[in-house]
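The following features are taken from TrEMBL:
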type	residues	note
TRANSMEM	67-88	transmembrane segment
TRANSMEM	94-113	transmembrane segment
TRANSMEM	133-160	transmembrane segment
TRANSMEM	166-186	transmembrane segment
Amino acid sequence: DSFRAVLDASRVGCGGASGPAYLAVRRSQGPSHRWKRGAWGQFRDYADAYDLAGELVEQSRGYEEKAALVALSFSGAIGLTFLMLGCALEDYGVYWPLFVLIFHAISPIPYFIAKRATYDSDATSSACRELAYFFTTGIVVSAFGFPVILARVAVVSFVIKWGACGLVLAGNAVIFLTIQGFFLVFGRGDDFSWEQW
C-alpha cells in the first residue's frame, strides 16, 4: 500500500524521476538496475511497477528465511555442544548418551508420513495425524528418559553421572525445540517441499 501511494504521488506530479517520491523509493530499495534515473519512464503501466514490488517482497521473504535458517542452525549447534559436553568432559568420559541422536533423527519421520498420507487422501479424518503425534511424543519422551535411566542404573557403578545426564537433557531440549522451530518456520506453507533444500 505504501509502495502504491509513492507510485501514485510520483505519477501525479511530484517531480517524476527526479522528484522526492522517486528518490525515497530509490533510497529504501537499495541499488537495482531498474531504479536508475529516469526509470519511471520504463514502466508502461502499474503492472510493471507491481511486478517489481512483488520481486522486492519475495527478496525480503528470502532474507527472513535465511535468517531463520541461520538461527536454527546456531541453536542446533548449541544443543549438540551440550550433548557432546555430557559425553566428553574429563569427569564423565562415557559416550553412551550419544544414542539419543537416534531419537533426534527419527522424531520427524511420523510427521512426514502423516503429512504425506493426509495430503494424498481426501479424507477429512485426522486419525493418521493424531497417531503421528502419539509416536512422536513417544520418541521425545524416550529421548529424555534414556539418559535418566543411564544415570540411575548401577551395574557395577553408575553408567553416567548425574551431571552428564543434566547436560544431555539440556541438549535434548534445545535440539527438539530446534526441530519444532524448523517445522514452524519452514513447514507452515502448502508449497513446502524438500526439493528447495
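The backbone N, Cα and C atoms fix where each Cβ goes, and this holds for glycine too.
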### Stretch with greatest number of CB pairs under 8 Å, the transmembrane segment (67-88) reference, 94-113, 133-160, 166-186 candidates
166-186
### Message
If we skip the immediate neighbours and take only residues 6+ beyond the ends of the transmembrane segment (133-160), which ones have a Cβ under 8 Å from one of its Cβ atoms?
### Response
86, 92, 94, 96-97, 99-100, 103-104, 106-108, 110-111, 168-169, 172, 176
### Task
Would you kindly list the residues that approach the transmembrane segment (166-186) from elsewhere in its chain, counting only those six or more residues past its ends and only Cβ-Cβ distances under 8 Å?
65, 68-69, 72, 75-76, 78-83, 85-87, 89, 97, 100, 104, 107-108, 111, 140, 143-144, 147-148, 160, 192
